[in-house]
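Notes to accompany the following structure.
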Amino acid sequence: MSYVLALDQGTTSSRAMVFDAAGRVRSVARRDFTQSFPQPGWVEHDPAEILRSQFDCARDALADAGLRAGQLAAIGIANQRETTVLWERASGRALAPAIVWQDRRTAAKCAELRARGVWSEALRERTGLELDPYFSATKLAWLLDHVPDARRRAEAGELAFGTVDSWLVWHLSGGRLHVTDHGNAARTLLLDIHRRDWDDALLALFDIPRAVLPRLVDSIGVCGESDPAVLGAAVPIAGIAGDQQAATFGQHCFAPGMAKNTYGTGCFLLMNTGATPVKSSHRLLSTVGWTQGAAHTYALEGSIFMGGATVQWLRDGLGLIREAAEVEALAARVPDSGGVVLVPAFTGLGAPYWDAAARGALFGLTRGSGPAHIARAALDAIALQTDDLVRAMTADGAGPLHELRVDGGAAANNLLMQLQADMLGVAVVRPRMLETTALGAACLAGIGAGVWRDTDALAPHWQIDRVFTPAWSEDQRGAVRARWADAVARSRAWAA
């Protein structure tokens, strides 16, 4: 039997899972690692710790499955996106901590570029992205400017840049492969997503030398092999994708209009838009989903800052619950929020608003309002923010959405999933396997290595746990949306 090893390198932990040819999980391993916050707005990882945690997980997963690396048909990689690493080619040693996707240290640089008028609508359409510290370009420029002698060495070809997938593959291959897939590259602000190639004008804008960039490879397909010294055998590296692209693939969103939402600390909603990127008029992100030879799939993406983090605030900020899982029972004590509306703009609002000055607010409180109403309003807010994204995508010409596939920790909350179906007016489908990021990495690699012929062969691997069907009338839906829109408008620009 063939086996596939999926490496799932996330923001707070590294995971590894072994899948068999029937798509069954044979083992799971996880290692947490350290996040550092050296200054306000800065978030860093130790690149060496990322490697140790990920490769230790891989070895643990193989041992737990009772397998040797030589029995693997392929390795697939899914990774936290945008996080930026700069290393020395000769030694493989990182020259500085990795700058994490959440890091905001380059906000002033982005503001300066906007003020100079060099960021145009044409560049936004070329990249599919907003000019924001979230993405890799200004992070890399910061490293080149602040690590001693880095810019000269980068221009001389002595240094390598990569997102976390590149960093992992470099060391997994013993330094023989400096690559990234088109989907990860699309999150750097340096890729023309239409040509799927590095763009000279963007490199010039951010002052990035081409010599530091990785080679672009398909998301699906063998790009090289692991060094036998790492896992004990040379194994084809056959699939690479950013975590949200991998989750979309793992959710089998293979046709245009299909979408998934990951309910984690934040929420990430991706909709397959087919072979053509959609130009958003609602400040959504257009990105490369995955590529295989001449075939390429694009996606429209919206990000919500406060998903499960809203529930964490109920626990840590208000003390309404002791564990996050208790929110469902508390919210279920009341039939609705009793007119209470929570706008969880604690760190501003993400798509489609992109309002950094918005702030969290509770509206509609009366003497009769209690903890259950606030808990219900928190779940409503997660569902309503997702509804905002879906309606923006529809207005951009994507879709229409017929069902929403869900994953992530909060997808286990039945009340939230029912509220989501009611709010969207379409079925919400929860699969049995909620670890869809690792599953997606395995599926990409399995197709790339020939374990599975194509996406049709993956059909048995995605199975439904439960379908939540909408119960609200359109009038109910409209009334809730109107009240939400009023509350959001009141919370905006609060800190401006």
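Residue numbering: from 1, along the chain as shown.
Glycine is treated like the rest: Cβ placed from N, Cα and C.
Annotated ATP binding site per Swiss-Prot: T11, T12, S13, T265, G308, Q312, G409, in sequence order, evidence recorded as sequence analysis. Per Swiss-Prot, ADP binding site is recorded for T11, R15, T265, G308, G409, N413. Sequence annotations record features per position, and here Swiss-Prot assigns sn-glycerol 3-phosphate binding site to T11, R81, E82, Y134, D243 based on sequence analysis. The feature glycerol binding site is assigned by Swiss-Prot to R81, E82, Y134, D243, Q244, with sequence analysis given as support.
Recorded features from Swiss-Prot, shown on the structure.
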residue	record	DSSP (3 states)
T11	ATP binding site	coil
R81	sn-glycerol 3-phosphate binding site	coil
Y134	sn-glycerol 3-phosphate binding site	coil
D243	sn-glycerol 3-phosphate binding site	helix
T265	ATP binding site	coil
G308	ATP binding site	helix
G409	ATP binding site	helix
Task: Taking the Cβ of N413 (ADP binding site) as the centre, count every other Cβ atom within 10 Å, in any protein chain shown.
output: 21
- prompt: Hey, for the glycerol site built from R81, E82, Y134, D243, Q244, who else sits with CB inside 8 A of the CB center?
  reply: Q80, T83, W101, R187, G242
Task: Could you measure between S13 (ATP binding site) and N413 (ADP binding site) for me? Cα positions, answer in whole angstrom.
output: 23
Query: Between E82 (sn-glycerol 3-phosphate binding site) and T11 (ATP binding site), what C-alpha distance do you get in Å?
result: 11
Task: Have a look at the binding-site residues R81, Y134, D243, Q244, G409 and say which one has the shortest Cα distance to R15 (ADP binding site).
output: D243
Field: binding-site residues near T11 (ATP binding site), in sequence order, restricted to R81, Y134, Q244, N413 and a 10 Å Cα cut-off
entry: R81
Query: Just the number: how many Å between the Cα atoms of G409 (ATP binding site) and Q244 (glycerol binding site)?
result: 14
Query: Do you see any of the binding-site residues T12, R81, T265, G308, Q312, N413 whose C-alpha is within 10 Å of Q244 (glycerol binding site), and which ones?
result: R81
Field: C-alpha spacing of N413 (ADP binding site) relative to T265 (ATP binding site), in angstrom
entry: 14
Query: What is the biggest Cα to Cα gap, in Å, among R81, E82, Y134, D243, Q244, the residues listed as binding glycerol?
result: 15
